[in-house]
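Read the structure below first, then the notes.
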């Protein structure tokens, strides 16, 4: 069994984008009230006194959009400064990144993933649900700022949506040739948006790899991180290409993570809502730290039984939360 030592922490469920695959435009979202969010103190208590003692050493900050969280730089610094923290990273849409990229780096953040689903501003704005002023340039500025500051690896996440951005695969892959950037193609996963995307299906990673192989060739490669991507490289390129194939190539048997939602629910599996723990309510009602640790230890022990091991389009309507509410 894989050691589960990686926790994805959603700092906030709100986002300044409304990406089609994450927060479908037709969906009704009930945002978490501020008083229902884990406070900074509660979050740090859980990290330091519950998660680290049971073996978690790697942490990724997500959202919603994590940069919308007040005092996010201070929170990064607090987690990064814990001696047991072996790796701290963040996934962001990049829109608010440029002005604070250096501050985040100075606080101890070293790895960052930025969503970039299109190089075409019009398509990009369509995907993110932008109405009015284009947001592409500000995201691109955030990527450039992260590059200048020295985040390494700097990963760009691309969710491949059939008929929307799948014609840009080669252009996006080419970003890795001259810069040490790492472009990761993610198979579209219909969670909480089955009605919107049910007829579109998804493009498999093997198809994407073949497109790139036919153009430049591909070799096996590696990049620092603990994610599920299969990593390749265009011969002679400075960066790498990752393929996350959660729909076509089940990787549940090598899952090493759990997810903590912004309102304190610990979720052992992205695709299975069984076994979630409401840590915030337990913490606020006076349950001892020892008891919380034991609950998490038990969840770790049964995680292999909970892991979702199928891929069936019939499950798309079975999720009570969208990607933005889960934390991706």
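Residue 1 is the first one shown; counting continues down the chain.
Positions of Cβ are set from backbone N, Cα and C atoms, glycine also.
Annotated in Swiss-Prot:
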type    : residues                      : note
BINDING : 8, 60, 91, 155, 257, 258, 259 : GTP binding site
BINDING : 15, 19, 22                    : [4Fe-4S] cluster 1 binding site
BINDING : 21, 64, 115, 189              : S-adenosyl-L-methionine binding site
BINDING : 252, 255, 269                 : [4Fe-4S] cluster 2 binding site
DOMAIN  : 1-229                         : domain 'Radical SAM core'
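In three-state terms derived from DSSP, residue 19 ([4Fe-4S] cluster 1 binding site) belongs to neither a helical nor a strand segment and is classed as coil. Taking only the Cα positions, the spacing between residue 252 ([4Fe-4S] cluster 2 binding site) and residue 22 ([4Fe-4S] cluster 1 binding site) is 21 angstrom. Nearest Cα neighbour of residue 15 ([4Fe-4S] cluster 1 binding site) among the listed binding-site residues (21, 155, 258): 21. With residue 91 (GTP binding site) as the anchor, the candidate binding-site residues are 22, 64, 255, and the one with the nearest CA is 64.
Fewest Cβ neighbours within 10 Å among the binding-site residues 22, 258, 269: that distinction goes to 269. In sequence order, the binding-site residues near residue 269 ([4Fe-4S] cluster 2 binding site) (Cα within 10 Å of its Cα) are 258, 259, drawn from 19, 60, 115, 155, 258, 259. Cα proximity to residue 155 (GTP binding site) (within 10 Å) is found for the following binding-site residues from 19, 21, 22, 64, 115, 189: 115.
Distance between Cα atoms for residue 19 ([4Fe-4S] cluster 1 binding site) and residue 258 (GTP binding site): 23 Å, as a whole number.
Across the annotated binding residues for S-adenosyl-L-methionine (21, 64, 115, 189), the two most widely spaced Cα atoms sit 17 Å apart.
In this structure, the C-alpha atom of residue 60 (GTP binding site) lies 15 angstrom from that of residue 115 (S-adenosyl-L-methionine binding site).
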